[in-house]
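Worksheet: one structure, shown below.
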Amino acid sequence: MKPQTRNTVVRMDPDTFFYDFYNRPILSDRNTVWLCYEVKMKTNDRSRPPLVAKILEGQVHFDPEHHAEMYFLSWFRGNLLQACKSSQITWFVSWNPCLNCVAKVAEFLAEHPNVTLTVSTARIYCYWKKDWRRALRKLCQTGARVKIMNYKEFAYCWENFVYKERKPFRYWDKFSGNYRFLRCKLQEILRHLMDPGTFTYNFTNDPSVLGRHQTYLCYEAEHLHSGTWVPLHQHRGFILNEASNNLSFPEGRHAELCLLDLISFWKLDPAQTYRVTCFISWSPCFSCAQEVAEFLHENPHVNLRIFAARIYDYRPGYEEGLLRLSWAGAPISMMKYSGFSHCWDTFVDHQGRSFKPWKGLNEHSQALSGRLQAILQIMGN
């Protein structure tokens, strides 16, 4: 389907702008998504303008094909991509992108490192729902900049995308309060701290636990500078495996592979050296261990350390997978008290409370460490 494109000659009606870009945090019956965009380009084709600015209209529809973000990607690939040496894309959207659109945007940015994206949204869609909060985090993790539209950006859209008849932009009642709320809410979402109960439930290192079907993975990256590892705070957070009912991954995707996706999105400098440390609730399965090993072979500038709370032994071949990781230069160890405490301090919304170990933590850690060493020794022989 071709995008329904409206250029800046035929602008948006003022009433439409005020109705659909109204920044009240909770709104109903706003089923149209407006995407006003600008593309600043560097190109060898002098016949092309350095700045393209237009409007796309999409629907909050179950079929992602009808989303404005998908229209834009289709339009950009078909019209500008081949001619661009580099481009800076800015979106001004009435609603932030959904998880499926974020996945497509992530693929697009990974495929085209010469493209940057800034998303300024008037509102956050269903900010209380986990999937939509995760969509915002994933969008940032891909390298896109996400922000709440402020007064200057509303005024800019009014000047460039609205048929205003020389009337200045006038903000509505409670505009500033709505903006402050949404800005704080976005910061809260992107801070991405785990609930204490979620951490304790999923990271308990009792090997006999049942019902822990999800894998949680906390990660932090460092850059080697003058012989010292310097934290990269922008590359820190936690992820979990993608459910099999997700449109982007019909068969599901394990947390380890999601981490590899993230590292690729970071666009790390191959001439530098980086270290990624992950704390994971289950050790990698054989298939994930293989893919991690291949990734490290293809990206020698990235080092990986893995600390696991428990050993995942539900599928055959897990022992070989653990050995494969060791051979690939990704040493795996079992989490100890210090690791659990570090995760609590770094990745959990602990509200100032210190980490309290659960019963048997040290005993389980020692037993699992002994079992891991035995596996590596036996398989190595």
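Note that Cβ sites are derived from N, Cα and C of the backbone, with glycine treated the same way.
Note that the structure is predicted; figures quoted are calculated from it, not measured.
All protein chains shown were included, and the count of other CB atoms within 10 Å of the CB of E256 (active site, proton donor) stands at 27. Annotation comment: Swiss-Prot describes E256 as active site, proton donor, evidence class sequence analysis.
Sequence annotations record features per position, and here Swiss-Prot assigns domain 'CMP/dCMP-type deaminase 2' to 211-325 based on sequence analysis.
If you look up Swiss-Prot, you'll see T32 (among others) marked as phosphothreonine, on the strength of similarity to another entry. Under DSSP, T32 (phosphothreonine) is assigned to a strand (E or B) in the three-state scheme.
Sequence-distant neighbours of T215 (phosphothreonine) (same chain, 6+ apart, CB under 8 A from its CB) are L240, N241, H254, A255, E256, I280, S281, W282, Y312. Taken from Swiss-Prot, the feature phosphothreonine applies to T215 (among others), supported by similarity to another entry.
Residues or ranges marked as region 'Essential for cytoplasmic localization' by Swiss-Prot on the basis of a curator's inference: 1-62.
The secondary structure of N241 (site 'Interaction with DNA'), as reduced to three states from DSSP, is coil rather than helix or strand. The site 'Interaction with DNA' annotation in Swiss-Prot covers N241.
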Query: Across all protein chains in the structure, which of the recorded positions T32, N241 has the highest Cβ count within 10 Å?
result: N241
Query: Using DSSP, what's the helix, strand and coil tally for the domain 'CMP/dCMP-type deaminase 2' (211-325)?
result: 33 helix, 43 strand, 39 coil
Message: Over the span of the region 'Essential for cytoplasmic localization' (1-62), how high is the average pLDDT in this prediction?
response: 71
